[in-house]
Amino acid sequence: MIKGLQNYSQQALRTARYIGQGFMVTLDHMNRTASTIQYPYEKLIPSERFRGRIHFEFDKCIACEVCVRVCPINLPVVDWEFQKSMKKKQLKSYSIDFGVCIFCGNCVEYCPTNCLSMTEEYELSAYDRHELNYDHVALGRLPFPAAKDPMVQPVYGIGYLEKGIVERTKGSKTITTLSTN
């Protein structure tokens, strides 16, 4: 009888310890910050090296087609005509289909005139896939940064900014300064 009572009490203590361990894991997860955001109202601020939509400056382009040659899928479409009077190419149109683009950044890296650059824009959804084919006019528009949008609360520090320090200043604006340690 006493041996049975000892076994029962040992099993009860072991069970309580296992339940306590599980409860401690639950409490540990409750103290963590949220890993989700309320998307339309809160937006993540991408890192400095984020590869978003490509920005194109028509006036800088010399129609060398390096971007087409280095693209793994030959995506940019460059239309140009040879100007005999100036003895050089003149760009007529430039377009990129973001429905096909893999955002590798080769075109930006190898462009000799730096007329291509990556923006922080990641909202490229459309109801029709043909709307994702951006011509040189659409590529030239710079997106409105989410950090400056008064209707959106930017979210910092969910893995996009490594050493961000969030400080509250006048009003309800959130400013991030990066420490250089």
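Glycine is treated like the rest: Cβ placed from N, Cα and C.
Features of the protein shown, as given by Swiss-Prot:
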- 52-81: domain '4Fe-4S ferredoxin-type 1' (DOMAIN)
- Cys61, Cys64, Cys67, Cys111: [4Fe-4S] cluster 1 binding site (BINDING)
- Cys71, Cys101, Cys104, Cys107: [4Fe-4S] cluster 2 binding site (BINDING)
- 92-121: domain '4Fe-4S ferredoxin-type 2' (DOMAIN)
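As a summary of secondary structure, the domain '4Fe-4S ferredoxin-type 1' (52-81) carries 8 helix, 8 strand, 14 coil according to DSSP. Cys67 ([4Fe-4S] cluster 1 binding site) is surrounded by 25 other CB atoms, counting those within 10 A of its CB over all protein chains shown.
The Cβ of Cys104 ([4Fe-4S] cluster 2 binding site) has 14 neighbouring Cβ atoms from other residues within 10 Å, across all protein chains displayed.
Taking CA atoms as the reference points, Cys111 ([4Fe-4S] cluster 1 binding site) and Cys101 ([4Fe-4S] cluster 2 binding site) are 17 Å apart. Of all the binding-site residues in the list Cys101, Cys104, Cys107, the shortest Cα-Cα distance to Cys67 ([4Fe-4S] cluster 1 binding site) is found for Cys107. For the [4Fe-4S] cluster 2 site, the Cβ centre of Cys71, Cys101, Cys104, Cys107 serves as reference, and the other residues of the chain with Cβ at most 8 Å from it are Ile54, Cys67, Val70, Pro72, Ile73, Leu75, Pro76, Ile96, Ile102, Phe103, Gly105, Asn106. When Cα-Cα distances from Cys64 ([4Fe-4S] cluster 1 binding site) are compared across the binding-site residues Cys101, Cys104, Cys107, the shortest belongs to Cys107. Sequence-distant neighbours of Cys61 ([4Fe-4S] cluster 1 binding site) (same chain, 6+ apart, CB under 8 A from its CB) are Leu91, Tyr94, Thr113, Cys115. Other Cβ atoms within 10 Å of the Cβ of Cys64 ([4Fe-4S] cluster 1 binding site), summed over all protein chains shown, number 17. In the predicted structure, the domain '4Fe-4S ferredoxin-type 1' (52-81) carries a mean pLDDT of 93. Long-range Cβ neighbours of Cys101 ([4Fe-4S] cluster 2 binding site) (same chain, at least 6 residues apart, Cβ-Cβ under 8 Å): Ile54, Ile73, Leu75. For Cys71 ([4Fe-4S] cluster 2 binding site), the same-chain residues lying six or more positions away in sequence with a CB closer than 8 A to its CB are Cys104, Asn106, Cys107. Taking the centroid of the Cβ atoms of Cys61, Cys64, Cys67, Cys111 as the [4Fe-4S] cluster 1 site, the other same-chain residues with Cβ within 8 Å of it are Ile62, Ala63, Glu65, Val66, Val78, Cys107, Pro112, Thr113, Cys115, Leu116.
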